[in-house]
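Participant: First, the structure itself, so that you have it in front of you.
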Amino acid sequence: MNGYSDDKNDKMSMYRNHHASELVYRRDSSRSTDSHSTRYGHDSRRHDVKYQRHRQDSESSRTGRRSERGLQEDHSRNPSRHDHDRGSGFIRTSKENHRCDGKDATFKTSNTMIDCSRHYLGSPDFLKTSFHVVTVIAAPIHTFGFYCILQKTPKHMKTVKWLLFNLHCWCVLLDITVSLFGIPYILFPAAAGYQLGIIDAPRLIFYLGVTFVTGVSTSIFVIFENRYFLLFGQNTRWRFVRKYILIGSYCLVPLYFVPSQLSIPEQENVEKFVWQSLSCIPEIPKYDRDLFLVADNIVLLAVSLAIACGVPCIECATVFFLNTYHLVLARKPGKLSNKTIQMQYKLLLALFAQSSVTVIFFLIPVISIIVIIFTGHQSQVFNNIIMLALAIHGIESTLIMVVAHKPYRKFMFLPFYGNRKRPATTVVSIVPSLRLTFSK
């Protein structure tokens, strides 16, 4: 019995040990399995996230390629409509703005730029139509001015006849350049714009326009200098230096804007630079013209403009003061009679009125441009009005010249007063009485 019980106890202990070891193995196996599944579960989830992101990127890239193909197909079907919407090479659609210059590039402004408020006075069509009307009106007025100078200038004005002719030529050249050849559609406060005239050469038109402005102001200085020299400066030191000053003044006319002309930037991809400098996108011309950027650095252009306007203005103010001082305040030279002094005084007043109107109608637009650039105010209506004020300068100058000088004024109003009937007069003949005298 004891042997049997011992065997039975040994079997029971072996069974318990085996069961305990099996439980430990299962527990360890379950732990290792849990850790393995947890680790590989995270890896699988990360793989799923990467796969979803890759799938989204693939879908977006395919969508972008499809939209680009749609834009290209739409542009190929209707090229004229898109080209005319935003100017040369610039397409404005409801989806995006697309540069179709042969490069795979897009310039998106839908999120950062907005279109300016549309007004007919600020449109390119208004500016072009207005300039054409100004040209049609100015042509007969300029012709009449040439006729008055050449045919109706009296003898006491013969010393200024060709000087007036020279000034009138400069004014006409400026008027034709701005109103006919140029027609600048400027996008202030950016120093850029479109040229809508009959000549598509914005660099040349800009240079000619600013050069003719300085030519007008220099011609005014020459007229006042001539008055001073003939009346008061023939016996002074001025007669030794006047020729050099006159020649130097005219030589500087084509040189004032050479630095700014040489600093004009390259005209490739200027749209992005211009649009970034504006608060909104104005209406773009529907004509096949490129956007022209005059200067990316406004300082050099402002310095050139200040020198070109300042030097002739100082010259004009100096000689005008000398003329006024000698005619009004100083002692009159003995060789001049009172009648001559009165005639020269009236001529000086007429020249002053003519030049003052010319300078004023130049200064107002120039000062307005300076204020707009420094304040950054953008209004295409104001820009068009400023350009229109410069365009009518030639008409104003010619009319002031005709009205200010009495011989031209009399000829202009001759059709209104020449045929007026004079009042009837009664001629009374008085016969002297015959007196007889007798001598003693």
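The backbone N, Cα and C atoms fix where each Cβ goes, glycine too.
Sharing the features that TrEMBL gives for it:
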REGION    1-97  region 'Disordered'
TRANSMEM  130-150  transmembrane segment
TRANSMEM  162-192  transmembrane segment
TRANSMEM  204-224  transmembrane segment
TRANSMEM  244-264  transmembrane segment
TRANSMEM  298-326  transmembrane segment
TRANSMEM  347-375  transmembrane segment
TRANSMEM  381-404  transmembrane segment
Participant: Are there residues at least 6 beyond the ends of the transmembrane segment (244-264) whose Cβ is under 8 Å from a Cβ of it, and what are they?
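Facilitator: That would be 203, 206-207, 210-211, 214-215, 218, 221-222, 225, 293-295, 297, 300-301, 304, 307-308, 311-312, 315.
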Participant: So if I exclude everything within five residues of the ends of the transmembrane segment (130-150), which remaining residues of that chain have a CB under 8 angstroms from its CBs? That is, six or more out.
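Facilitator: Non-local partners: 161, 164-165, 168, 172, 175-176, 178-180, 183, 196-197, 384, 388, 391-392, 394-395, 398-399, 401-402, 407-408, 411-412.
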Participant: For the transmembrane segment (347-375), find every same-chain residue at least 6 residues outside the stretch whose CB is under 8 Å from a CB in it, and list them.
Facilitator: 156-157, 160, 171, 188-189, 191, 213, 216-217, 220, 223-224, 227, 298, 302, 305, 309, 313, 316, 320, 323-324, 327, 382-383, 386-387, 389-390, 392-393, 396-397, 400-401, 404-406
